[in-house]
């Protein structure tokens with residue numbers, strides 16, 4: 001039997017020969033006198049397109065595939081299906097090549113190759129998870145080629161006394177067996193490690209020699225098809241030798257041979273005993289079409305990366321495509337079908353000199369093993385530099401004086417050595433191929449994200465791509481992954497997601513920029529333009545709140561409560577700083593945004609921050625009401641803290657207050673050690689007049705007159721208004737424990753002569769209370785609706801009407817009728833009939849007293865006594881044995897006469913004194929409908 005090249009298993013994947021290798025410049029500080037001389041001496045010459053891109057890519061894509069796999073594919077599928085397979089496979093990788101060219105020409109790449117491209121485009125979480133898988137793929141690929149080289153050597157020189165050799169050999173000198181194979185693999189791996197420890201430039205110098213060897217071997221193969229006459233080839237021995245012919249023919253160019261090879265003829269693979277099919281053969285063939293990133297990974301060593309990478313990569317892809325097709329045609333015209341199906345190493349037997357193919361297999365396999373080991377070390381070094389896994393990879397950052405990451409090389413060597421213990425080429429090859437396909441899909445996804453984000457700085461010089469090519473590349477890689485092995489593909493994706501969550505949990509800090517922010521901006525802008533305010537409907541109304549905050553240190557309670565009541569609407573924290581930009585050197589607000597955003601993160605609320613500089617608080621609030629939001633997302637409700645003299649308290653430092661992190665769907669207490677993490681640079685809390693402990697403006701930055709003017713301005717601008725009192729003492733966690741009640745008083749208590757509860761303002765109160773009750777944290781709260789009635793009116797009739805209204809509005813609440821004759825009597829004691837009629841005529845302009853609508857409420861300051869307000873306040877306090885978590889009260893609009901603003905504010909203070917957390921609410925827009 002003739003000597004033939006050993007058969008590396010046909011599933012060996014050329015795709016693993018993607019090193020990610022990159023030559024690093026030295027970063028060590030040196031004395032100025034020696035920097036120029038030493039750097040010039042040590043700096044390797046930059047590579048041109050041919051040596052830097054074409055050669056590495058060709059060696060990666062050819063490897064041993066061209067010698068041992070083409071005959072298998074043609075023998076199983078026939079010429080027609082082989083050409084179709086090549087077209088489909090190269091179409092898939094061409095889509096990824098376009099993405100690689102686009103990203104690589106948008107800026108210089110650093111060590112890590114595909115990892116660097118993906119991480120800088122998609123962020124540290126996605127890039128880190130893909131980088132780890134890229135590292136593992138190179139580790140497994142290096143072990144795969146080492147094992148393949150061992151098998152090749154043993155097939156030629158091994159002692160086949162155990163019958164495991166596929167072919168007989170005249171040069172049996174090496175003992176065989178598992179431990180002997182492991183020993184040979186360890187020695188070969190040590191040789192690769194020594195080369196890598198010296199430096200990647202040693203391998204770079206050898207690539208050209210290896211390339212020459214591979215090209216010479218390919219040349220002899222092409223010559224052999226024409227020069228070698230008819231030859232009978234002895235088939236290798238295998239299990240089914242008794243049932244199969246022992247020889248086959250190399251016929252030379254014959255039409256009968258071609259006609260016998262054009263159609264598919266799937267048989268059992270003699271090396272595995274598995275019946276072949278289109279899918280399995282396609283998966284095997286596709287493994288030899290990968291390796292497209294070897295050139296882009298060398299970007300740091302190229303003279304002109306933007307020029308070399310696209311031209312060199314595309315040249316290599318086209319060249320390999322032509323070679324594969326030519327070999328398929330020549331094989332179909334000259335070789336019997338049995339020879340192709342029963343001897344995958346037949347190219348050795350038909351070569352003009354048999355050792356040529358053996359030399360090609362040895363050199364290309366050793367090159368691939370070193371390339372993958374170098375690539376694994378460079379990827380690990382890049383991951384360590386980026387600190388994605390914290391201290392776990394910190395040793396891998398160490399480099400030699402020449403910049404070689406020797407620690408990463410040693411760590412990679414240990415991993416490869418561990419993989420060598422498995423010795424299972426099939427399993428390793430499938431996993432490696434799937435890992436690389438996942439990396440390719442991620443590169444396509446990175447390019448797609450950059451293209452969809454429409455970022456102005458994404459300007460690759462290579463423009464022959466669109467988002468369609470990126471999508472086709474992603475789909476093609478995904479299909480191939482599941483075609484090769486659906487189980488391994490699913491497991492790889494799950495492993496990648498697990499790594500993504502792990503890296504996200506570690507929260508690495510990076511300054512790379514995040515593509516997700518650009519994509520979100522792009523989509524938000526598009527949908528904001530589609531949000532047409534002219535199409536607003538009451539059925540889809542939701543509160544969009546602007547909460548004015550002076551100092552967040554005394555406003556935590558109110559901020560957290562309003563977050564519950566927003567119902568997925570817009571929530572803006574507004575702040576007015578007094579000042580004049582004309583006399584300031586710079587905008588003082590820009591430096592404050594970080595502290596406000598840190599507060600939003602600390603409280604885990606879904607809010608925006610809007611700060612403004614104005615000469616007065618009133619003008620500042622007007623600014624914010626005019627400019628806050630975009631398009632159809634603008635505040636419709638203004639929330640202010642109450643103007644009182646309660647001293648504020650610093651809630652961000654008070655450990656007695658349990659500051660809570662929460663979301664719309666949950667409530668949980670933050671660990672004490674987490675409460676002090678954020679660094680807030682807010683001014684200290686000062687004593688004196690404060691607009692509520694729930695805090696709008698501290699100190700004396702505004703007076704009561706200006707405060708009421710702010711309310712009046714908001715009403716004029718058709719904004720709903722809510723005044724929050726006693727929320728400085730509000731503790732959300734404590735409030736949600738035990739029995740939970742929310743009290744609603746939908747009657748204008750400053751107008752005892754009008755007990756209407758169906759006007760716009762009253763319904764707005766009911767809507768906000770219902771929204772609060774719909775929040776998950778407040779779902780256990782019980783709404784209590786209090787209806788004030790006078791003697792002589794039908795209590796049951798009034799209550800039934802209100803129950804019917806609530807049923808139509810789909811609101812659940814407990815209705816309580818409250819007689820308030822004694823309180824009303826206090827009011828009428830100081831009024832005469834003529835005074836009442838005169839005042840109603842002068843202030844309402846003829847509007848009937850029993851018809852109360854929004855924006856038509858008159859001033860009550862001249863006719864409501866303090867005794868009456870105190871009595872109503874006591875009435876509210878006496879109604880419940882268990883105090884509610886919060887009360888909703890009716891807020892009348894400010895009087896038209898600005899001289900009564902002080903009295904108006906005093907009335908509100910008397911009405912709400914000692915009531916606990918209370919919202920005084922004035923609604924100006926319809927928010928409830930009974931229609932579908």
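Each residue, glycine too, has its Cβ placed from N, Cα and C.
As stated in TrEMBL, the feature transmembrane segment covers range 494-521 out of the listed 494-521, 522-549, 550-577.
Feature transmembrane segment, per TrEMBL, maps to range 316-339 of the set 316-339, 580-603, 604-627. The range from 22-46, 47-71 that TrEMBL describes as transmembrane segment is residues 47-71. Within the listed segments 230-251, 252-273, 274-295, TrEMBL records transmembrane segment for the stretch 274-295. Restricting the average to the domain 'SLC12A transporter C-terminal' (558-645) gives a pLDDT of 90.
When DSSP labels each residue, the domain 'SLC12A transporter C-terminal' (558-645) comes out as 36 helix, 23 strand, 29 coil, counted as helix, strand and coil in that order.
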